[in-house]
Amino acid sequence: MTSKMQRPPQEDFSLKETKPHLGGGKVSGDKLTSTYDLVEQMQYLYVRVVKARDLPGKDVTGSLDPYVEVKLGNYKGTTRHFEKKSNPEWSQVFAFSKDRIQASVLEVTVKDKDVVKDDFVGRVLFDLNEIPKRVPPDSPLAPQWYRLEERNGNKVKGELMLAVWMGNQADEAFPEAWHSDAAAVSGADALANIRSKVYLSPKLWYLRVNVIEAQDLIPSDKSRFPEVFVKAILGNQALRTRVSMSKTINPIWNEDLMFVAAEPFEEPLILSVEDRVVPNKDEVIGRCAIPLQYVDRRLDHRPVNTRWFNLEKHVMVEGEKKEIKFASRIHMRVCLEGGYHVLDESTHYSSDLRPTAKQLWKSSIGVLEVGVLSAQGLSPMKTKDGRATTDAYCVAKYGQKWVRTRTIIDSFAPKWNEQYTWEVFDPCTVITVGVFDNCHLQGDKSGGARDSRIGKVRIRLSTLETDRVYTHSYPLLVLHPTGVKKMGEIHLAVRFTCSSLVNMMHMYSQPLLPKMHYLHPLTVSQLDNLRHQATQTVSIRLSRAEPPLRKEIVEYMLDVGSHMWSMRRSKANFFRIMGVLGVVISVGKWFDQICNWKNPITTVLIHILFLILVLYPELILPTIFLYLFLIGIWYYRWRPRHPPHMDTRLSCADAAHPDELDEEFDTFPTSRPPDIIRMRYDRLRSIAGRIQTVVGDLATQGERLQSLLSWRDPRATALFVIFCLVAAVVLYVTPFQAVALLTGFYTLRHPRFRYKLPSVPLNFFRRLPARTDCMM
């Protein structure tokens, strides 16, 4: 408590609770009474332009290139135009934000596209006071035909089918509509890049290739023993087995290679058996391609059947590639693993822990709803026409579902007010919400521009009370080479609704990952490589969507660089360890004060408690649990009121040295000059030396325990064995309570009966041998 009092959190980086007017309805308790209830309602004027008929010809030829202009005050939206068509169909929706309406009349005009000046065909006027309101889930308003009229009000030939209504952002037309607040953006590509979208991660599988053996290989040089290995390629992933120990034409490997495969399977698995002719030259003996659609899928640890595959070889005959089939074969077990969860996120921030195979999924335990309300005080991210600007959008990721809000053009305080829902299968998961600056408002003309990160928020569902609406403003913190910087705040409304409390509580007794991770665990290096491949696969697939969810966005949301060395992160983890050990150390100090009679009253009370527990040993466990219960109830008063958020002090981001930050943002491999690398290398060696010493000390204590009975020191083991025999005899004939009382009173004896020198058992333990004397 004292450290918290001395170091209050900076107000600038803290979480702030807010009281927004959500859903346009009233808050009753923690629940709201409206359907679209986790966002503030935004009113829009919607205009659906469907089609026109019998439009008059305007050119000399009597033809018409019609389009529609929808105008409200200073805002003007246009449909695409058609060449020489008098009955065009547009089916486009326009949305005008009510906050920005500065007119009382809506004007919908049909025009003829011309090279010099577009001709007026006819128009329809609407008084804004007469426009009906629509509240979802009401059915959409039916469009109707309106006669076109001249500017003077006279009717002209031609009709326009329209629907005009007032609605909010819950309207089905909202995502695909042309928005008046994005009027500066033109072109279909650019408009697609600013609309809200939902993306799904590809379904990922682990592909296990168990290379067993090959038969009847035909190396080109038969005068030497072949040194054969197998190379396997899947997309951009390449792995190889070790060189077979049996240097014959029938080599054996029995080695597993693991890949990440994504549905739909596009590339086949390509295997090549190669012979290392000389150290840097490999010769292909044979190849085979295996389409993944036909590979066996398994849900548990039961082995699938092995198969023999024919190897083929290509040779060049008169400049053409010719395929030669021969008797060489390779024996393998290839399967898609459905029982694992393919880790594409950091294990600390996973949003999904289900196995790949749907048959193994358990039923959902609840629903997560997130309202992305707004942001305030965003930093300028780029310069446009000599003016600083930010075009912000949000991306939220939970499970396989990614959502992207629309981009609010040129605003440091954008209001999105979009609500999204996810199914929850495990409460111990994390949702990540990131804010980005859109650098693709010109569509494909943006070149190699990258969307800039403004910051992100992580919320662990298990820290949320069920059915409660959390409305908080979260600081958006980004670590730059110059230090940690607040880029603004994002305002979210979050609700976790539990469908079955029993199922959710049962989840706490289940393993975090699917059973296969424990029955047939993958190695740490395998998991690291597979996670890297999974994130690459997800980012490639999502960047191929339309509009793309770009690689830099996906990698930032999935914490791709979290495994890289960071001096700052190492310090933070050290302080976290010290914080955990601090509790143990403080309990040890408290017990030492009792033993040394610093407070005689407390020590006497401990003697009495100790006496009761020894005389009535059946009270020991009930007393421990009662104390834990009382401590838990006592701490209830200081329970967290807000969801946890990124802490700059905990991360050591507020006081990081500039050189440490420069090292963290350095490329891999490094791009810094040799003298800086030498200094950093020396610093890394010094830190690693300290870690090495601590780990070595822990190993030494463990080895001393082992050497009690290992006879490495025959005299020490003999003494210990004799002591065990004597102790066994004494404890057999002496009541346990008497032994416990003597031990306890000896430990709690008064300081005048204590000696400064270490005790005999401690001296004996420290003299025991460890394997340190065998270290080089």
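Using the three backbone atoms N, Cα and C, a Cβ is placed for every residue, glycine included.
Automated prediction, rather than curation, is the source of TrEMBL annotations.
From a predicted model like this one, the values you see are computed outputs, not experimental measurements.
According to TrEMBL, the protein has these features:
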- 9-20: compositional bias 'Basic and acidic residues' (COMPBIAS)
- 26-146: domain 'C2' (DOMAIN)
- 185-309: domain 'C2' (DOMAIN)
- 349-474: domain 'C2' (DOMAIN)
- 1-28: region 'Disordered' (REGION)
- 574-591: transmembrane segment (TRANSMEM)
- 603-636: transmembrane segment (TRANSMEM)
- 718-748: transmembrane segment (TRANSMEM)
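Listed as Cβ neighbours of the transmembrane segment (603-636) (distance under 8 Å, sequence separation of 6 or more from its ends, same chain) are residues 594-595, 597, 736-737, 740-741, 744-745, 748. Looking at the domain 'C2' (26-146) alone, the prediction's average pLDDT is 83. In the domain 'C2' (26-146), the DSSP tally of helix, strand and coil residues is 6 helix, 56 strand, 59 coil. Under DSSP, residues within the domain 'C2' (185-309) fall into helix, strand and coil as 10 helix, 64 strand, 51 coil.
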